[in-house]
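Report on one structure; see the data block that follows.
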């Protein structure tokens, strides 16, 4: 399969792909209705997370089955802010009342400030991601072990959120938001505005990652993936590289979670556990783990297909997803992007 | 805290550890020699459970459950062999891709079970001699749990015999220590892979029968035990049976004792924290296999 | 049609076979000129599918019956079915799709509180109406939702009163770890304490959890007179099985369950749960012609051995209540329909005569059943009076009320 070379027209299409995507992204608000635009915006938020996986999995060889955790941290941070922002003075969010809490927890209070909430979206996932990655990598535990530990992390995080209902909203998650930073969520203008914001963040993340992957950092990351000990023998400490890469992916997941929560109007443990986390890897596997544009296409396509297939043929969806996963991973490890580019694994 | 409750939980810890052990032995064995994790291993548990149910439909009663043990072992071993030859062998040098591809298998097997047996799950009725319980010094010892502990001990003993006294065991240990060297001296590494994988899947199928004694057999029954089993593998060290057993006991007892003070949900979180702290101290796991290889 | 556009959008962009699936969804179910579309939104996949599909079936049966007898306001009813996939954000998304893209007049849907909570903002924003058929923890009061499932004071509290009347003085609360069990138990605890009785322990297990060794050890230590069980789904089988293995059967230590209905009892194998108690507003064994007719119609369509449960009947009566309210209002406008619904007065259903209270919850009776070996419940409580729904329990949440 590694001899497979795509036909010339497809190869020539490769550099154009990001531009085509951008043009479509800009055209979408003029072409789609409010519902479809909202759907597209959600998927674009997920695409931001997917690009983070390209960084760590494709280029770093670090498979994370727990990206949902960081997605959730970002989502919950913005949700906590919106919960407090809509609240009359002196009251508690409704779920705290019915969970029997007497007062707002101290660590909730600063989230009333928009600046704090924004900072939390950026800092908390990054910091937690860095800490977690460092704790595992500095003892030279990696590869399969790391993947298994991240999966356990996803399980533990989702379970913890569910069990601390009085401060997290539990299984229900957080929902019923009316405004964000002063803009009413019900007004169509806000929806379009959020779409542009998501598109802008997506472009920024894309450009940032492109630069990063082309830099010395990217080169060393790939070198670490292909032969960690050799890089060590050359005198580089590899743990900081891997930790930084993982933290960046966590940051992107956090931003994606916050944007997704704004579009979906809800964040809940159902979005962050074991299965959603592994599905995030599916997007990237299908789109192409080495390609940023591929990851975007993968995230959009898989979610679009799920939306269409799971309603019409609910039973079929799981078979399709399972089969797609097996086929793509075994036969087309470079995903859709590989079909355009030719093989480079 | 009450001493009787402590003893009770200590016993429960060992019974939980037996389940963890049965669920993780196969994972640890094949991880030791192939460096791959089969994400569909949980579905081998499920398969074992459904096979036990089917066996009991044909042969009801106490004999049925004893017959179910070899049936589940053979069925799961066959399924494991199928997965190994059709998929895992093709991916042998790509451990992370194996993880993902076998997860796809797991999805398909779960959905197939849902379509074949229904989403509600089926109930395996334990024979009467497994229904009762003994009370010793204020501690209730349900027969079903004693039976599970006994089975785990037997499996462990049998496995040790196979590994230490038989030819295939010798080959397995050789491949476990140094795969390339073993291959170079003429050991048919692929055959060892296949045998060990079947054996490990069979043990998981057997674990499925044990789970059926405690709860319903559902399409996702494997999922509730597979993540603790992964943690056992991480903690146990590469393919070491002693390490895996120790890790299973430590995690089982830890989890049961934690439940004296906190909810099951929090206990689950503590379990992960415990494992992460543990690998800070001993990243190579409880038992490290001596090897001169650099990249293990 | 907008929906298909996103499909073509993708197709033209990527020209991939995969994308050709999109846009083919359920768009073809759009109402014709002489019909009215309603949404049916339940989990057809995922962990909740097993429960929610039966509720969907009951709704489809009601719609079919209504169409066979001439429809509503002279229009035939078209159901647009969507899958919530056991995921709250999908429920919210599909609710928006049903209302904004398919233009449905109303939606029947939801099971978990999580799904309802996620859909609520969508219904309030679009001023549409959701009919919600399952018992829940109260503490919610939206003009855009009709709550036909039991409020806590229509299921949990009657069960507690019954247990107290049986002379049980010490309680142990076991539940799955999610919102309904925790809030229901909070309310129960307040009432148990007020009555001068004791809660000896409270334990939660993650949804779908099957290891009860720790919980059972605590129960054995505490020795309660009765267990109140709010476990969900498969966890129940594991719980009763491990209780039995530990020498505690429902016969020696009574268990009152809030989430075990006929379907669950049948699936669990009745030998395990025989003799345990359940509280519902409806049991398949209830007398009455309307019930017999419904059971026969459902079993004719979905299998002679299909079990009939409380949420199914609530879902079934929701469709009829919507029909009656639309006819009374003379329009499908959600606002007119909900106003008409609360002024309908009492109407006959398989569970007896019920009506909607001004707070848009159902006025209904509560029954206590004891499980028989054949999987049906024997009703052991006195036929009580109709219970007015109270979304906010006065003891647990003082000062709160629901005014619409």
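Just so it is clear, glycine is given a Cβ too, placed from its N, Cα and C backbone atoms.
Some features that TrEMBL has for this protein:
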type     : residues  : note
TRANSMEM : A:16-33   : transmembrane segment
TRANSMEM : A:39-58   : transmembrane segment
TRANSMEM : A:115-137 : transmembrane segment
TRANSMEM : A:144-162 : transmembrane segment
TRANSMEM : A:193-213 : transmembrane segment
TRANSMEM : A:233-260 : transmembrane segment
TRANSMEM : A:280-304 : transmembrane segment
TRANSMEM : A:316-340 : transmembrane segment
Recorded stretches the transmembrane segment (A:39-58) and the transmembrane segment (A:316-340) touching, at least 3 CB pairs under 8 Å: no
The transmembrane segment (A:193-213) and the transmembrane segment (A:233-260) contact flag, 3+ Cβ pairs under 8 angstroms: yes
Segment-segment contact (the transmembrane segment (A:280-304); the transmembrane segment (A:115-137)) at 3 or more Cβ pairs under 8 Å: no
Surrounding residues of the transmembrane segment (A:233-260) on its own chain - C-beta under 8 Å, 6+ positions past either end: 41-42, 44-49, 51-53, 55-56, 59-60, 62, 64, 67, 69-78, 121-122, 124-130, 132-134, 137-138, 142, 194, 197-198, 201, 205, 212, 217, 220-221, 224, 267, 271
Cβ-Cβ under 8 Å with the transmembrane segment (A:115-137): same-chain residues at least 6 beyond its ends: 62, 69-70, 73-74, 77-78, 80-81, 145-146, 149, 153, 238-239, 242-244, 246-251, 253-255, 257-258
